[in-house]
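Participant: Can you keep this structure in mind? I'll have questions shortly.
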Number of protein chains: 2
Amino acid sequence: MTLTSPGPTLGVVGGGQLGRMLAEAAAPLGVEVVVSDPTPDAPAAPVARDQVVGDFDDPGTVRELAERADFLTFEIELADPDLLERVSEETGTPVHPDPETLRIIEDKLVQKRRLADAGVPVPEFREVNSAGELRAALDDLGYPAMLKARKGGYDGRGNVPVESPEDVDEAFAEIVDAAQGGSQTDPSGVAMVEEMVDFERELAVMGCLGSERWGEGDEPERDTFPVTETIHREEILRETRSPPEADEDVRERARGVALDVLDVMEGRGVYGIELFQGPDGEILLNEIAPRPHNSGHWTIEGCHTSQFEQHVRAVTGRPLGDTGRRAPTVSANVLGDVDERQAATLSGEDAVFERPRAHLHWYGKREVYRLRKMGHVTLVGESGDRTDRLLADVRELRDGLTFRD
Amino acid sequence: MTLTSPGPTLGVVGGGQLGRMLAEAAAPLGVEVVVSDPTPDAPAAPVARDQVVGDFDDPGTVRELAERADFLTFEIELADPDLLERVSEETGTPVHPDPETLRIIEDKLVQKRRLADAGVPVPEFREVNSAGELRAALDDLGYPAMLKARKGGYDGRGNVPVESPEDVDEAFAEIVDAAQGGSQTDPSGVAMVEEMVDFERELAVMGCLGSERWGEGDEPERDTFPVTETIHREEILRETRSPPEADEDVRERARGVALDVLDVMEGRGVYGIELFQGPDGEILLNEIAPRPHNSGHWTIEGCHTSQFEQHVRAVTGRPLGDTGRRAPTVSANVLGDVDERQAATLSGEDAVFERPRAHLHWYGKREVYRLRKMGHVTLVGESGDRTDRLLADVRELRDGLTFRD
């Protein structure tokens, strides 16, 4: 390959924080980024070459993006796989990962079936198309269980716990409503239910699929970033730590499951692979995101190559970078702590700037609302540091930040 | 302070690679960058929020930049201190470093005098306003010596070695011509001459001056990055290594001189401080750049905070970041290797992408010419690695890159 100016242009469907951090990582490599997003002046806009304003699934928008780009990718699962495939064929601009992967992943039932068929360990699950089917499934799986919208779930939206038989009707009505905004009366194809895993901890692995050019034989180059522990509250990621407290053999097993997941995925890019570690150290797959993921933000400072640079490398056909960890690293999300939607003004951030080896990442969102992801703080330790100490420190830094007056 | 969106805007006079890397570093901090540069679509443009097209010393351009910015800085010494001062007063937008520093530095004779007066060790030097004065000075200083244009020198341009008395007339005519483009016949104020230092090696220290708010007493916060060895050929920087081969006491002395230099500088920002290490380990100041400097590019991956992030922090009034070195690190400049000015197409770069812990930085310049700085390669070692080995490796990577067909 060669490098020119203007360099290759990467078109990204979605201009949120992931698009922004992709653009930050692309610049040193000489890759220019154009994003599409319905919100004018989206978070990625000030860093990207340009933004095409339009919906994620608007044909004209995606087509304009493809025409301006040498490679197309997406940072949001709301991207439409059929549209991406058609536009890619019409314009000749390749799209990575393959839209087929998006098709598999966007429907959680299809995703789980494909992975289970491939031998990836997953929690027990059932398709449920009515409250009656849900009740029958739970007679088998037992209570409590997690009822999930098959499509469109995100940060806990579209997940409803079912504690006992009395909850079944209400839970099913809620998931149908959540999935369809109440506009549809036929609940077929809307939901699945999954056993509630009594996990010891949650882990995540960023998997990487590169080009066949750099792999062995006809296989794409593959790799994983170091295993990360993810800590959720209200089903929203709050903190990560890497290495996790998990034993070495558990980490190896998690990495093995991630590699098995990558065998099912098609197309270049990084994949956020969320896992449960069960009480006996067994690993079960939770969910997959076919894009950079919140659980990998710590790699920006914590690894020799960040997940964002890795995604840019993979999509543009470059060799994958070194995923090695520089030092134990933790991160904490900065979430909206206000009740009403309002203009975003963060205070307390100078304590983060003052702290050695702490890094504030601000996503540039103009408005804040409760639990909105506004930024994150990463804290890098010294080789050999325990992450429980680092975790306490990064929480203290994060807890000193507020959007309140 | 607080963080908002859009965040504080930093106006940068100059949109070359330094402006580009400033913009890359500013984005995670929520700082937006607008640059001014006479070349449309300058290297910084794709990464910055916007570019104002206009000359560095054009009043309308600088004024527009100031009006759009919360803070003003410069990445090029060609910025006009009087203009910056006037525009800053008129618009109320502070400029850092203080234009007075630019005034001291832009004239090498004034710079050397101020530093010598402050006790900073400098090579012997003389003001010379005619070939006769040059001859008289060299009777005293001895041959060979370095004749320098007082203003406008850059990457060796404006430096003429004088080997013997026979060279004096021609050298003086050349420096007058170089300094004035031959347009002026009065050579007063044009040149100075300096003893040729028989150095063991060249060192550089990036110095940092922050805000009084974060310093002790009324003093600005100050710090230095780790000492770096710089390797020049044809007076253009080729490679850096940090730590240098120099002994610990030499490094300490270099750091001490850098801190003394900072005492003479006024205003927030990073300063590239170039030094000679003499045969007995003594340190002499060579030159100062009041901005991020090529000798500090390795800090992007090699230190916890890069020189670019540090400059953004300092100028926008944030606390300085941790200047600690992550691991031994080397860098090599990617220079134009073609004879004719032409469209830039680099090949051989995949070997850099393949190499673990190697990082290619591409500046996005559309045209290449001989010795033009087009990018750089950084190679990060493991703790305890010797930099001579790393240096050989990064040279090999760099030598594999070419702009030739």
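Here the Cβ of each residue, glycine as well, is placed from N, Cα and C on the backbone.
Note: TrEMBL annotation is automatic and uncurated.
I grabbed these lines from TrEMBL:
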type: BINDING; residues: A:K108, A:K148, A:E194, A:E195, A:M196, A:V197, A:E202, A:H232, A:N286, A:E287; note: ATP binding site
type: DOMAIN; residues: A:112-316; note: domain 'ATP-grasp'
Participant: How far apart, in angstrom, are the most distant Cα atoms among the ATP-binding residues A:K108, A:K148, A:E194, A:E195, A:M196, A:V197, A:E202, A:H232, A:N286, A:E287?
Facilitator: 20
Participant: Where does A:E202 (ATP binding site) sit in the DSSP three-state scheme?
Facilitator: strand
Participant: Sequence gap of 6 or more, C-beta under 8 Å: which same-chain residues meet both conditions with respect to A:N286 (ATP binding site)?
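Facilitator: Expected: A:P123, A:V197, A:E202, A:E274, A:L275, A:F276.
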Participant: So what's the average pLDDT for the domain 'ATP-grasp' (A:112-316)?
Facilitator: 93
Participant: Can you tell me how many other Cβ atoms are located within 10 Å of the Cβ belonging to A:K108 (ATP binding site)?
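Facilitator: Other Cβ atoms within 10 Å of A:K108 (ATP binding site): 22.
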